[in-house]
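Copied over from TrEMBL:
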type    : residues                       : note
DOMAIN  : 28-138                         : domain 'PurM-like N-terminal'
BINDING : ASP30, ASP75                   : Mg(2+) 4 binding site
BINDING : ASP30, ASP75, ASP211           : Mg(2+) 3 binding site
BINDING : THR46, ASP47, ASP122           : Mg(2+) 1 binding site
BINDING : ASP47, ASP75                   : Mg(2+) 2 binding site
BINDING : HIS54, ASP262, PHE320          : substrate binding site
BINDING : GLY121, ASP122, ARG146, SER213 : ATP binding site
DOMAIN  : 150-299                        : domain 'PurM-like C-terminal'
BINDING : ASP214                         : Mg(2+) 5 binding site
Amino acid sequence: MAFGEFDLIETYFTHRLPQRDDVDLGIGDDGAIARVPENSELVIVTDTMVEGVHFDRETPARALGHKVVAVNLSDLAAMGAEPAWISLAITLPEINEEWLTGFAHGLREICDYYNCQLIGGDTTQGPLSVTVTAHGFVPTGKALRRSGAKPGDWIYVSGTFGDAGLALAARQHRQQLNPDYQRKLTERLYFPSPRVALGQSLRGIASSAIDVSDGLLADLRHILKASHVGARVSVDEVPLSLALTESLSEEQALAYALTSGDDYELLFTVPEAQRGLFDTVTAHSPSKPVCIGRITNEAEVVQLLHNDEPWQLPDTPYGFEHFRPLADTSAE
Ligand SMILES: [Mg+2]
């Protein structure tokens, strides 16, 4: 059942959102009309967030509005693309003005920041779920892929790992945190920062890239599978926040950092020959990329090292999967 989607979308989402020159026709017709710059390709990504699967009822509407755009921009970043347009499909159990205002606020803030225009939308009634499709540009042939890693390439990550997973565990009373850390980590869970600038700066430098949505090791395996290579990772090099290391034992901290999801950092590989250029380009990057290991020729084998010794991840029944999709399909 439709709510009269134009009224709803126009009432809550079209005011004060960025208007771009490359959009000839935005919301209001059967489709949008927009132009891709010359010598560029279009990168298209999409992500759905369903209540009870990807977020819980307590998630603030503003956080959800931010996050559903952020996770899509994170996928664009992993492709090296510059964000341009989004469309929004939203299913609501009822029309709740306060919720819609909060959701639209979160969505508008991140769209403003990245100059992303909302060019289409649809609303229906049903269990709460939001889907965003984002479109971005890359110079022709320059998109980053998962499939280009070669033995000897260096493995890098941006940001810190495990923070969102620990915030979720604390919210679900599986971990205790002091209030200050709980606030900081919840910010990371609710308001992830897609590494948009870093992704674009890696064009022509990184041999492969992915964004970490499902956990560092799980997403590393996606690169290894697509590139038919293996990896040696020094777990001591994985960047951890103070909140994580001060709240957990070393083993727990590593387990969260390596396996919990929702970090939305980038994981990528850099050939030895590009390393100097990479260091120059990222010298002042706020996401501080760190080298955590190297690609090997053993297809899909991950060797973990801790204090230079072979190391295995402990069996950790922390239940990280609570808000992950039941079955992930191709691109995530
Ligand atoms: Mg992804």
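Here the Cβ of each residue, glycine as well, is placed from N, Cα and C on the backbone.
Unlike curated entries, TrEMBL annotations are predicted automatically.
Feature map: TrEMBL annotations on the structure.
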residue : record                : contacts (Cβ under 8 Å, 6+ apart)
ASP30   : Mg(2+) 4 binding site : none
THR46   : Mg(2+) 1 binding site : ASN72, THR131, VAL132, THR133, ALA134
ARG146  : ATP binding site      : SER208, ALA209, ILE210, HIS222, ILE223, ALA226, SER227
ASP211  : Mg(2+) 3 binding site : SER74, ASP75, ALA77, ALA78, PRO194, ARG195, ASP219, TYR264, GLU265, LEU266, LEU267
Next on the checklist: Between C-alpha atoms, which of these binding-site residues comes nearest to GLY121 (ATP binding site): ASP47, HIS54, ASP214, ASP262?
Outcome noted: ASP47
Next on the checklist: Between ASP122 (Mg(2+) 1 binding site) and HIS54 (substrate binding site), how many Å separate their Cα atoms?
Outcome noted: 20
Item to check | C-beta crowding around HIS54 (substrate binding site), within 10 angstroms | outcome: 22
Checklist outcome for this item: Those binding-site residues among THR46, HIS54, ASP211, SER213, ASP214 lining ligand 1, judged by a Cβ under 6 Å from any of its atoms, are ASP211, SER213
Checklist outcome for this item: Cα of SER213 (ATP binding site) to Cα of ASP262 (substrate binding site), in Å and rounded, measures 5
Checklist entry - Considering only the binding-site residues ASP47, HIS54, ASP262, which residue has the minimal Cα-Cα separation from the residue listed as 'Mg(2+) 5 binding site'? => result ASP262
Checklist entry - Averaged over the domain 'PurM-like C-terminal' (150-299), what pLDDT does the prediction give? => result 96
Item to check | Between ASP47 (Mg(2+) 1 binding site) and HIS54 (substrate binding site): CA-CA distance (Å) | outcome: 11
Checklist entry - What does DSSP give as the helix, strand and coil breakdown of the domain 'PurM-like C-terminal' (150-299)? => result 68 helix, 27 strand, 55 coil
Checklist entry - Near ASP75 (Mg(2+) 4 binding site), how many other Cβ atoms are within 10 Å of its Cβ? => result 24
